[in-house]
Amino acid sequence: MSEKGRLFTSESVTEGHPDKICDAVSDSVLDALLAADPRSRVAVETLVTTGQVHVVGEVTTTAKEAFADITNIVRERILDIGYDSSDKGFDGASCGVNIGIGAQSPDIAQGVDTAHEARVEGAADPLDAQGAGDQGLMFGYAINDTPELMPLPIALAHRLSRRLTEVRKNGVLPYLRPDGKTQVTIAYEDRVPVRLDTVVISTQHADDIDLVKTLDPDIREQVLKTVLDDLAHDTLDASAVRVLVNPTGKFVLGGPMGDAGLTGRKIIVDTYGGWARHGGGAFSGKDPSKVDRSAAYAMRWVAKNVVAAGLAEGVEVQVAYAIGKAAPVGLFVETFGSEAVDPVKIEKAIGEVFDLRPGAIIRDLNLLRPIYAPTAAYGHFGRTDVDLPWERLDKVDDLKRAI
């Protein structure tokens, strides 16, 4: 343990990071297909590199026009991110776009369309007809660190990344470029955040910018100060924070020209910043029949309502599925000693209040609609800038009654 206390660090990246470009493209394709055919089965992966975008995967859909328009969808999303000129290292209008998409495997489809419960066990409930699209384990988490019930390090890192993009797009700092990363280190005492120790902000910029006289003071004033001024936290001391702006020096070569990007490579950024466990499955480009995505959203919904109900100060919940089965094969609740009631009772209440079959998750969270592109950057959880159904606190009273 450091003499400065227990230090925990989380990072975020901007929407112009190469991996996040890929997440954004994959989710934009998904949204376009769901808008035209809500029953679309989609698993789209994207790769970007210098001057090229490759979109591959499996899609089964009746949305023929949207499918035919994928190339334009890709270009529009890249341009919206801000890569609109070769001067920035990438141009959505002129980059090469290669599409290589096939149909969903019929072997997978049969397990999703006709679950084991209906196919073998003779279950008549319509929600028993849809099986999990894969085996796997998913985690959800919530903690009372912040009003949005997220761990403070990742919440603060995301706020900094969003602000980096905001000052670039609204012209406050027009010399910034789309690629960027943030990192936040916080000192804890007994799981309570007490001191902001270090903030790292690395941002792509135009070539003619003086790092010491222009970039460093601008980032401190327009990004960090703005975010910290808006941060209301009773226990956190930010008075002596160490700030590192572009600690490698200049950052002109960024985006896909600087690094290749892939869908699904920022799963810790997407979730809880390493504070909670992760089942390993990525989200972007997957329709909600894939429990990697829908069940992780459901677990966040569960965890957030448990904490909001006052049953624990922090909770992590795990669910597990077998491919082709509707009912989960496992549910696990961990409260880390912060519980107000017996964790066994919390687990029982969750089972009574939440239906965690894939079909029920999709129904209860209304997931068969184009809501995914905004989640491709700045996290899937704890968002206050977009209305996401898994962030609702609509089961608090039900949980209290079940306890």
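A Cβ is built for glycine as well, from the same backbone N, Cα and C atoms used for every other residue.
Among the features that Swiss-Prot reports, ATP binding site is placed at His17, Asp179, Gly180, Lys181, Lys250, Phe251, Asp259, Arg265, Lys266, Ala282, Lys286. According to DSSP, Lys250 (ATP binding site) is assigned to coil rather than to any helix or strand.
As annotated by Swiss-Prot, Mg(2+) binding site applies to Asp19, with the evidence given as sequence analysis. All protein chains included, Asp19 (Mg(2+) binding site) registers 22 other Cβ atoms within 10 Å of its own Cβ. DSSP assigns Asp19 (Mg(2+) binding site) to a helix in the three-state reduction.
Every protein chain considered, the tally of other Cβ atoms within 10 Å of the Cβ of Glu45 (K(+) binding site) stands at 21. Look at Swiss-Prot and you will find Glu45 tagged as K(+) binding site, backed by sequence analysis.
What Swiss-Prot records for Glu58, Gln104, Asp259, Lys290 is L-methionine binding site, and it gives sequence analysis as the kind of evidence. Mapped onto three states, the DSSP output places Lys290 (L-methionine binding site) in coil. Spatially close to Lys290 (L-methionine binding site) yet at least six residues away along the chain are Ala43, Gly133, Asp134, Gly281, judged by Cβ distances under 8 angstroms.
Across the region 'Flexible loop' (104-114), DSSP assigns 8 helix, 0 strand, 3 coil. According to Swiss-Prot, the region 'Flexible loop' annotation covers 104-114, on the basis of sequence analysis.
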Between Lys250 (ATP binding site) and Gln104 (L-methionine binding site), find the distance joining the two CA atoms and give it rounded to the nearest Å.
45
Do any residues at least six apart in sequence from Lys266 (ATP binding site), in the same chain, have a Cβ closer than 8 Å to its Cβ, and if so which, in order?
Val13, His17, Asp19, Lys20, Asp23
Residues satisfying Cβ distance under 8 Å from Glu58 (L-methionine binding site), sequence separation of at least 6:
Arg41, Val42, Ala43, Ile101, Gly102, Ala103, Gln104, Ser105
Rounded to the nearest Å, what's the C-alpha distance separating Gly180 (ATP binding site) and Glu45 (K(+) binding site)? Just drop the number here, would you?
22
Just how many other Cβ atoms lie inside 10 Å of the Cβ on His17 (ATP binding site)?
29
